[in-house]
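Below is one structure, written out as structure tokens; comments come after it.
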Amino acid sequence: MTRFVLFLSCFFLIGMVVECKDGYLMGPDGCKLDCLMRKGTFCAETCSLRKGKDGYCYAWLACYCYNMPDWVKTWERATNTCGKGK
């Protein structure tokens, strides 16, 4: 019984450490990756290429992805460089 409790504790600890992020994909220009004029599966395919679990074209007409690795750059309001002429 003690081993089982220890196993469960380790399992939950690993689950808490290995987190994935969700967010809008960011293009090379620093803007959200648009999906307005693209095929319906564009966002899901693009998210998969970046090792995300799934994705869709959100109401803001930008690709939103789930469960992506931390190395994938996502758009954030605080670090927004879109339209600022780098």
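Heads up, the Cβ atoms here are built off N, Cα and C, so glycines get one too.
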Candidate in Cys63, Cys65 joined to Cys43 through a disulfide, as Swiss-Prot lists it: Cys63
Selected from Cys20, Cys31, Cys35: Swiss-Prot disulphide partner of Cys82: Cys31
Residue, out of the disulfide-bonded residues Cys35, Cys43, Cys57, Cys63, Cys82, whose Cβ gathers the largest set of other Cβ atoms within 10 Å: Cys63
Residue distribution over DSSP helix, strand and coil in the domain 'LCN-type CS-alpha/beta' (21-83): 11 helix, 20 strand, 32 coil
Rounded Cα-Cα span from Cys43 (disulfide bond) to Cys65 (disulfide bond), Å: 8
Spatial neighbours of Cys57 (disulfide bond) among the recorded positions Cys31, Cys63, Cys82, Lys84 [C-alpha, 10 Å]: Cys63
Surrounding CB atoms that lie within 10 Å of the CB of Cys31 (disulfide bond), all protein chains: 16
